[in-house]
């Protein structure tokens, strides 16, 4: 449904060339939800704005439903954009118009008959759960309600694609979850392909089928959510996955943690990351028996993404130095990521 082919975007900033996107290619099948994740300034917003040509690529092609938008005339592009809805971090509602009037605006601009507008807007407000707010002005809505109005307005032209530019970034966690649930419902019931950009891996984990990781204008990793979460290949992807966990050590351990062992009886605090089959295997107990080491678990958590289970454990590991080294090697050979956080006495 969406295919980006060798997209590059160069900006001229104070006489200098800035490569915002560098030879980016991305293919999103019809009906999928794809998340593009990256840090601030990575090129996420530029990428999504290239899909509907709000930003015209310096080079490359943008296909939506088989149509190369970069080859269209201005009039043809305007017509094709009706198939592409878009919502933003900031809701961009007209403060002088009611909820009903904001949703009806694109239909009014198309000179649709009032009866059809009423039918369409009523159905959309029901879909986003705002039937009782139709006569309310934006100033009297919560952030989540404003985003629901924006979603309804974006759906007014029956788009095939919905672009979401940091659509939940300004919302609290509970409201974020409700908006993500709504987007998932829209995807399932209407069959709309969704491309969203975010800096939060939790968003990807909750609703996406695919994920692409962008860094400094380049897509450095992409695949299904289950593939990326079970076997992240880049350090940045690993960092984003790690951010979904509440992985804080107890204060009493943080206070005495050192980078190197201070005494011969110091022992390491180690973080173990499990994905795929390694999550269900009793690897720590096997390792304990095999190498005569003990694991005192301090923090542990398991989660799911794309049907794949993954998790981590932070433990203090006791045993002689050689046994601990062999235990670490054994676990790494069993597809467990091992990271020594420090040492305690």
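Even glycines carry a Cβ here, placed using N, Cα and C.
Keep in mind that this is a model prediction, so the values were computed, not measured.
Here Swiss-Prot flags 2-241 as domain 'ABC transporter', drawing on sequence analysis. Summarising the annotation, Swiss-Prot assigns ATP binding site to 38, 39, 40, 41, 42, 43, 44, 45 and lists sequence analysis as the type of evidence.
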Which residues of the same chain, at least 6 positions away in sequence, have a Cβ lying under 8 Å from the Cβ of residue 40 (ATP binding site)? 199
Cβ-centroid neighbours of ATP site 38, 39, 40, 41, 42, 43, 44, 45, 8 Å, sequence order: 199, 214
Between the binding-site residues 38, 41, 43, the one whose Cβ has the fewest other Cβ atoms within 10 Å is 41
Please work out which residue of 39, 42 has the most C-beta neighbours within 10 angstroms of its C-beta, and give that one of the binding-site residues. 42
Going along the chain, which residues six or more apart from residue 45 (ATP binding site) have their CB under 8 A from its CB? 165, 166, 197
Taking only the residues in the domain 'ABC transporter' (2-241), give me the average pLDDT of this model. 94
In three-state DSSP terms, residue 42 (ATP binding site) is classed as coil
With Cβ-Cβ distance below 8 Å and at least 6 positions apart along the chain, what are the contacts of residue 44 (ATP binding site)? List them in sequence order. 36, 37, 38, 166, 197, 198, 199, 214
